[in-house]
Structure formats: C-alpha cells, structure tokens
Amino acid sequence: MRITIRDIQQMRDRGERIPMVTAYDYTSAQIADRAGIPLILVGDSLGMVVLGYNSTVPVTLDDMIHHTRAVVRGTQKALVIGDLPFLTYTSPEQAMQSAGRMLQEAGAQAVKLEGGVHIAPTIARLVQAGIPVMGHIGFTPQAVNQIGLRVQGRRAAEAQRLLADALAVQEAGAFAIVLELVPAELAQAITERLRIPTIGIGAGAGCSGQVQVWHDMLGLYSDFLPRHAKRYADLATIIAEALSQYASDVRNGTFPGPEHSSRMDPAELAAALGSQDQATE
C-alpha cells in the first residue's frame, strides 16, 4: 500500500524526520522504494544530471511525464511527486492541465511547483481539484536566471518575505513545502511556524525532513557537487572500474566464458551446416 500525504503529516506530527530523494528511472525508483524512502521526487533536476543541460529551465512537461512514468512503475510504497517544469503553470488554468497530465498520464500521486505568495492562488485551485501539491520556496532553480544561485533569506526583509511565502503556500493547501538554500536558523523558524512538513535542501537540520539529489549523494554526477550535498557513495568510480574490467575481458578473450554461453548438440550443428553447404554447391 502506498504512503499517503496523511502518512507524511503524521510523521511530522510525531517528530519523525522525513527522508526524500530524487529518482528519474525505474531501476533507481525500485532501489529507493526497497530502502524504505517514503517520498520520491521526480525532480526537474533531471535536466542537469540526466539530460546534460546546465539548468532546469529547458526541461519540458513531456520530459517529466516520461521519467515520472518510469519511477511510478518502479515503486510500490513510496509517494511519488512529479515536478511541474518551467513555464507549465503560468496560470491556474495551465497549471491544472499540466498537473492533470502528471497524475493521469504519468501516475504521480502529487506535484511540486515553485513559488510563494504569487503562486498560492494556483496551489489553491489545484488542491480544490483534488491534486496534492508540494510547495518550494527559497532558492527556486527555475528562476536561476533572475535570482542567481545563492542562499535566500539572509537579510531581514528577505526572511520576512520567505516566511510570508511559506504561510501563503500552507494556507493555499499544500501538504508540504521544500525550503532550498535558506539559512538554517530561518528554516527552523519557518518550520516551527507551519503546521505542514518542511523538506530542507541546504536549509539545515531544523526542517521536518531532507531531500537529496540521487546523483549527488551517490557520486554519479561529477560536473558539480553542491555544498549542501553529502556523498554517501562513489558509484561513478565503482562503475568505471567495472566497465574497464569488462572492456579488458572482451579484448583479451576471457569474456564471455563457457558459463555465459549456450551449447548445441554437435550432431545438430553438423546436420545444419551440412544441409547449408549442400544448398550452396
């Protein structure tokens, strides 16, 4: 049985920290699900770590639906959240269409979108239509060309704006909210003032939960490692060593071995080749 947004709220109410990771394909989703991760985000971060873009801006809704479908097929328990990418929720009507596709075509159980006070009416419309929404404030990657890649909320005026954003997103009906690149003290203060869970990324330990990007935490993305990412494994090195060994085995003829091949009765082979040879004479 899948985890629900009610389960996530109960985790928060019990003081249980909530882990969330990104996943972008069937196999990764299976692994995360088996590991007991309750929230899986199909993030538009796939634009960088899977598709090779330098930001999330080029990612399309079709990209997101394609990858979300795969993640949903790979999970049985985790609640799967699909990001709405850049310029797919510029109005409540467009957001409804985009989120509807994410749930109906991709099978996601919820969507995530970026923004605070200005996006709250859109969140409210989605929630009223029965679409669970996770909010996202602080550093919002889709606005990187406007705000730059920097911590948000260090100054009092910025901090007040972020608190207002968080409260607006909550009152609009979001079931949780991501706080990205927010000072730890501010993130904790926001968390204490909200009724819904906060999921931090680069926002300190005072949030209700944490999210990490799959490729960052497993050492699969070498282009850039954010300060807030913790590398739990160096899978890129392990994979490269395995591929190098495979290439060596092929070149020196040790792979495939007899145990990797099928055999044929010699008499059957002789009969087949004999018939072929006669036909070509």
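One-based numbering along the chain as shown.
Positions of Cβ are set from backbone N, Cα and C atoms, glycine also.
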Residue from Asp33, Asp44, Asp62 that Swiss-Prot also lists as binding Mg(2+) with Asp83, Glu114: Asp44
Protein Cβ atoms within 10 Å of Lys112 (3-methyl-2-oxobutanoate binding site), excluding its own: 25
Alpha-carbon distance [Asp83 (Mg(2+) binding site); Ser45 (3-methyl-2-oxobutanoate binding site)] in Å: 9
Inter-residue Cα distance where the pair is Asp83 (Mg(2+) binding site) and Lys112 (3-methyl-2-oxobutanoate binding site), in Å: 5
Beyond the site residues Asp44, Asp83, Glu114: chain residues whose C-beta lies within 8 Å of the centroid, for Mg(2+): Gly43, Ser45, Thr56, Val59, Leu84, Pro85, Phe86, Lys112, Leu113, His136, Pro141, Gln142
